[in-house]
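Reviewing the structure listed below.
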Amino acid sequence: MHVISDECVKCGACASTCPTGAIEEGETKYVVTDSCIDCGACEAVCPTGAISAE
């Protein structure tokens, strides 16, 4: 998973949904760390579609 910085509005929905705590707040966007298990929960809750598995 990765965050598309142009789309991310830093709402925090992804970070609060992540079951492994793999999403951390960065300076301009949220960052997906190595503890991501690719479950897709963050992608499903992102209101702007800023998270992609590609």
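Every residue, even glycine, has its Cβ placed from backbone N, Cα and C.
As given in Swiss-Prot:
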| type | residues | note |
| --- | --- | --- |
| DOMAIN | 2-28 | domain '4Fe-4S ferredoxin-type 1' |
| BINDING | Cys8, Cys11, Cys14, Cys46 | [4Fe-4S] cluster 1 binding site |
| BINDING | Cys18, Cys36, Cys39, Cys42 | [4Fe-4S] cluster 2 binding site |
| DOMAIN | 29-54 | domain '4Fe-4S ferredoxin-type 2' |
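The structure, with features from Swiss-Prot marked on it.
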residue	record	Cβ contacts under 8 Å, 6 or more apart
Cys8	[4Fe-4S] cluster 1 binding site	Thr28, Lys29, Tyr30, Thr48, Ala50
Cys11	[4Fe-4S] cluster 1 binding site	Pro47, Thr48
Cys14	[4Fe-4S] cluster 1 binding site	Val3, Ile23, Tyr30, Cys42, Val45, Cys46, Ile51
Cys18	[4Fe-4S] cluster 2 binding site	Cys36, Ala41, Cys42
Cys39	[4Fe-4S] cluster 2 binding site	Pro19
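Every protein chain shown contributes to the tally, and the Cβ of Cys46 ([4Fe-4S] cluster 1 binding site) ends up with 21 other Cβ atoms within 10 Å. Ranking the binding-site residues Cys36, Cys42 by the number of CB atoms within 10 A of their own CB puts Cys42 at the top.
Across the domain '4Fe-4S ferredoxin-type 2' (29-54), mean pLDDT in this model comes to 94. If you look at the domain '4Fe-4S ferredoxin-type 1' (2-28), the same-chain residues 6 or more away from its ends with a CB under 8 A from one of its CBs are 34-37, 39, 41-42, 44-52, 54.
Listed in chain order, the extra residues whose Cβ falls within 8 Å of the Cβ center of the [4Fe-4S] cluster 1 site residues Cys8, Cys11, Cys14, Cys46 are Val3, Val9, Lys10, Gly12, Ala13, Ala15, Tyr30, Cys42, Val45, Pro47, Thr48, Ala50, Ile51.
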